[in-house]
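Quick look at what TrEMBL lists:
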- 12-40: transmembrane segment (TRANSMEM)
- 32-442: domain 'G-protein coupled receptors family 1 profile' (DOMAIN)
- 52-77: transmembrane segment (TRANSMEM)
- 83-112: transmembrane segment (TRANSMEM)
- 133-158: transmembrane segment (TRANSMEM)
- 178-199: transmembrane segment (TRANSMEM)
- 349-384: region 'Disordered' (REGION)
- 365-384: compositional bias 'Basic and acidic residues' (COMPBIAS)
- 387-405: transmembrane segment (TRANSMEM)
- 425-445: transmembrane segment (TRANSMEM)
Amino acid sequence: VILFYLINYNKICPSICIIVIGSIFAILTTLGNLMVMVSFKLDRQLQTISNYFLFSLAVADIAIGMVSIPLMTYYVAADTKWGIGYVMCQFWLCLDYFMSNASVLNLLLISFDRYFSVTRPLTYRPRRTAKKALTMIASTYIISLILWPPWIISWPHIEGRFTSSDKCVVQFIETNQFASVGTAIAAFYLPLAIMIVLYSRVYCETRKRQLEFSKLQAGAVRSFFRCFWNYIFKMKNRRSCLKICMGKAAASSEESSEVIAANVEETSLTSSTWTHCPSDNSDCITEGNVEHYYTPTRQSKYRTDRSNTYTVLIELNDTKGERPTVRLSSCDSDDLSWFNEYIGGSERGEEISNTEKNAQNGRILRSEPRKSEKERRKNERKQESKAAKTLSAILLAFIITWTPYNVIVCWEAFYKNSIPEAYFLIAYFLCYVNSTINPFCYALCNARFRLTYMRILKCRWHRHHNSSTLTTAGYFLRKN
């Protein structure tokens with residue numbers, strides 16, 4: 001009795017271990033890829049065109065976790081004896097190879113997306129729409145559907161013979177070496193070679209940009225010190241101003257016209273900024289005609305040389321037939337400071353202060369887009385870095401898990417039964433492990449996926465305001 005128990009135990013124990021291990025991988029694969037799909041739906045920041053391809057990859061991988069791994073676990077645990085019918089065998093093989101190949105082509109699609117995003121950012125990204133992304137995703141499933149299921153189903157009829165009823169294998173892989181090698185090249189080796197080339201180009205381009213960015217930063221530092229030196233020792237505080245004089249060209253000092261003079265550097269403000277530049281050859285203007293005045297406190301980012309600093313004087317004549325005249329004259333900062341002091345003590349104090357407030361608000365509103373542009377470029381670099389890390393992790397996992405099986409398939413095509421069946425089954429199961437690893441690759445390389453995973457595990461389904469919304473709200477709060 002004890003001997004009989006030990007014999008049966010030795011037969012049952014491996015099957016139990018296989019079932020436990022297969023069940024764990026099936027659950028991890030299903031739940032992991034389900035979390036990817038839920039994360040995509042839950043977090044709007046993950047709903048990018050690039051992540052559409054990750055979502056498609058998760059769809060293929062979740063089918064493997066729900067169907068392929070459980071049936072493969074049953075087949076191996078039953079000592080490779082198929083006992084649930086020929087139709088079920090064909091369904092498993094068709095779905096298994098169809099989804100596995102779709103997973104590979106989705107990886108290839110992700111590689112192409114990264115390659116064009118990095119090498120052709122100005123032309124590719126604007127044209128990359130959700131509709132085009134969905135079309136490319138659909139093409140991966142159509143190609144996989146053409147490549148595998150028709151041949152799996154029709155090959156026994158083409159050869160005119162069937163494998164034994166207790167076996168569930170793709171028949172042309174065992175009986176036709178050319179079909180076996182051809183499908184391995186089309187489904188694995190060719191996509192792998194393309195992905196390696198694309199990833200190499202992406203890596204080189206990213207490395208090149210990093211070096212250029214480092215040189216640009218170094219040049220900016222040198223430029224700062226050079227400008228600072230010129231500012232201290234070589235340049236004077238001069239300003240250019242634009243004078244628009246409306247009135248008679250030959251008017252006397254008593255019949256002066258109204259003057260509007262604007263600091264050229266501040267012309268984009270929402271409130272006009274006014275100043276005055278006296279000139280010996282100017283006909284327009286007594287100071288009393290100046291309506292508003294404001295001198296900006298912020299110094300311009302760029303300085304101009306003395307030879308390039310002018311006053312533009314435009315005179316519009318009332319006499320019919322006479323054209324407006326334009327004159328240039330130099331405008332020194334001393335003139336500006338003199339006029340500032342004069343206007344500073346005028347009776348229009350309230351009006352000046354109101355104009356100043358409006359101009360300051362205008363300056364704030366103008367500087368905000370610059371900050372947004374800087375933040376946008378910074379976020380783009382972060383996204384490119386995250387996408388590159390995700391691509392490298394996915395590609396590495398794909399090479400490690402898929403190479404053993406395809407090497408064995410090509411070897412067995414020319415040298416039959418030279419490799420033990422256990423090695424073939426382990427290599428076959430490794431292909432499934434790739435579908436288990438992919439969701440963890442996303443979380444490993446993308447902090448946003450990690451945060452959303454934690455939200456799902458903690459059952460926090462409500463949406464959080466992103467940082468940009470909070471920043472915008474805080475800005476208007478401070479402004480008001």
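Backbone N, Cα and C define each Cβ position, glycine as well.
Any TrEMBL annotation is an automated prediction that lacks curation.
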Open item on the list: I'd like to know if the transmembrane segment (425-445) touches the transmembrane segment (12-40) in this structure, counting it as a touch only when three or more C-beta pairs sit under 8 Å and are separated by 6 or more positions.
Closed with: yes
Task: For the domain 'G-protein coupled receptors family 1 profile' (32-442), mean pLDDT (0 to 100) - done: 72
Open item on the list: At a C-beta cut-off of under 8 Å, are there same-chain residues at least 6 beyond the transmembrane segment (83-112) that contact it? List them, or none.
Closed with: 50, 53-54, 56-57, 60-61, 63-64, 67-68, 71-72, 74, 136-137, 140-141, 143-145, 147-149, 152-153, 165-166, 168-170, 187-188, 191, 194-195, 198-199, 202, 391, 394-395, 398, 402, 431, 434-435
Task: Positions whose Cβ lies under 8 angstroms from the transmembrane segment (52-77), at least six residues beyond its ends - done: 15, 18-19, 21-23, 25-30, 32-34, 36-37, 40, 84, 92, 95-96, 99-100, 102-103, 106-107, 109-110, 113, 130, 133-134, 137, 140, 168, 390, 425, 428-429, 432, 435-436, 438-439, 442
